[in-house]
Amino acid sequence: MASSNFLVLLLFALFVIPQGLANYDKPPVYQPPVYKPPVEKPPVYKPPVEKPPVYKPPVYKPPVEKPPVYKPPVVKPPVYKPPVYKPPVYKPPVEKPPVYKPPVYKPPVYKPPVVKPPVYKPPVYKPPVEKPPVYKPPVYKPPVEKPPVYKPPVEKPPVYKPPVYKPPVYKPPVVKPPVYKPPVYKPPVYKPPVEKPPVYKPPVYKPPVEKPPVYKPPVYKPPVEKPPVYGPPHHP
């Protein structure tokens, strides 16, 4: 197996190496360079492309409600400030000359003693005052009639509202497959009859209510004087 691989490599080397060696029998032929003038292309006019304006309807953006952001309180460590040393300032003592104040003479004031005799106040007796209730007849107030007030009609000019263009929105039909619901069987529930024992209610005793008599003072009615009626004279 190894000998067959070696023979294959040897044949490949003998075939490739002679082709790669230089040919010294024929010298290379010199070919002068050929001048090629540059090709000038005329400028090509490209008219500007006009795009029709695209109408974009206004998009409603609902207001964004941002939840309140909790900011924990910032705790700052106490800053140590060393005490500032201030050297003592020397203040010389201020000398004030003594001020002479002559003594003020105040003569003594005589105040005789005030004697107030005791005042006797006999007790004042006030009998209880009974005021009869005052009767106030009802006051008749005729109804007040207000004339109708004429209010002319208010004319409002028509307000022009331009039509709002809404692009059609395609909504594909929603197909809901039928849902099979098997019938639910509920067995009958037996409820035994509930017997309530009789509740005894004792009789409630209500004492008789005694109302004190209401005092009604007599109402004074003045005598009504009727004027004399004069008839025609009678002839015998």
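Heads up, the Cβ atoms here are built off N, Cα and C, so glycines get one too.
Small disclaimer: the values here were computed from a predicted structure and weren't measured.
Taken from Swiss-Prot, the feature region '42 X 5 AA approximate tandem repeats of P-P-V-[EYV]-[KQG]' covers 27-236. The region 'Disordered' feature in Swiss-Prot is assigned to 143-177, 204-236. The repeat '1' annotation in Swiss-Prot covers 27-31. Taken from Swiss-Prot, the feature repeat '7' applies to 57-61. What Swiss-Prot lists as repeat '10' is 72-76. The repeat '14' feature in Swiss-Prot is assigned to 92-96. Among the features that Swiss-Prot reports, repeat '18' is placed at 112-116. Residues or ranges marked as repeat '20' in Swiss-Prot: 122-126. Among the features that Swiss-Prot reports, repeat '21' is placed at 127-131. Look at Swiss-Prot and you will find 162-166 tagged as repeat '28'. The annotation repeat '31' is assigned in Swiss-Prot to 177-181. Per Swiss-Prot, the feature repeat '35' maps to 197-201. Annotation comment: Swiss-Prot describes 217-221 as repeat '39'. Taken from Swiss-Prot, the feature repeat '40' applies to 222-226. Annotation comment: Swiss-Prot describes 1-22 as signal peptide, evidence class sequence analysis.
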Where DSSP helix means H, G or I and strand means E or B, what are the helix, strand and coil counts for the repeat '18' (112-116)?
-> 0 helix, 0 strand, 5 coil
For the repeat '28' (162-166), the averaged pLDDT of the predicted model is 84
